[in-house]
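Read through the structure below, which is laid out as structure tokens, and then see the notes.
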Amino acid sequence: MKLMDNKNIKKLTLLAIWTALTFVLGRLFTFPIPGSAGNILTLLDVGIYTAVFLFGKREAAIIGGFAAFLLDLTAGFSNYMFFSLIIHGGQGYLAGLTRYKWLNFLLSLLVMVGGYFIVGGLMYGWGSAIAGLWVNIVQVIVGFVLAKVLSPLIERTGILNGFRKA
């Protein structure tokens with residue numbers, strides 16, 4: 001009995017590579033924000049939004065959740081890692097939920113910014129959570145814009161030939 005065919009292995013491999021690339025992108029460009037008790041500005045969202053544009057919502061949820069989890073684990077924010085798994089996983093899923101890109105963007109922004117606002121408020125107080133709102137809003141907007149630019153360029157290279165968006 002064949003457990004996995006070549007198509008599934010190729011898809012799993014591609015998702016693992018994209019998760020690693022998203023993690024590395026986020027880890028290399030991580031900037032702690034003073035006075036915001038745990039907020040960081042990172043380019044992780046570029047990988048999440050690029051994943052949703054290239055692969056689909058389920059794949060982006062997996063990539064976003066695991067890459068964010070690994071980022072927090074290795075960057076000294078382990079108190080956030082399980083929250084990040086859920087928040088960025090939800091962000092990736094909602095970014096591809098409907099056929100309306102503006103609605104998807106708004107939903108994904110709300111889950112990411114709102115999720116970290118609640119977690120930050122419970123961990124460090126609501127004043128700190130309010131102070132960190134702008135960081136997450138900027139991170140989402142920059143991630144979305146860069147992904148909109150990068151996704152067509154990546155598609156044109158042909159490296160994703162044979163992979164169908166779900």
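Backbone N, Cα and C define each Cβ position, glycine as well.
What Swiss-Prot records for 14-34 (among others) is transmembrane segment.
Among the features that Swiss-Prot reports, transmembrane segment is placed at 35-55 (among others).
Per Swiss-Prot, the feature transmembrane segment maps to 62-82 (among others); the stated evidence is sequence analysis.
Counting only same-chain residues 6+ beyond the ends of the transmembrane segment (105-125), those with a CB under 8 A from a CB of the stretch are 36-39, 45, 49, 79-80, 83, 86-88, 90-92, 94-95, 97, 132-133, 136-137, 139-141, 144. What Swiss-Prot records for 105-125 (among others) is transmembrane segment, and it gives sequence analysis as the kind of evidence.
Proximity of distant same-chain residues to the transmembrane segment (126-146), defined by a Cβ-Cβ separation under 8 Å and at least 6 residues beyond the stretch ends, is recorded for 33, 35-49, 91, 105, 108-109, 112-113, 116-118, 120. According to Swiss-Prot, the feature transmembrane segment maps to 126-146 (among others).
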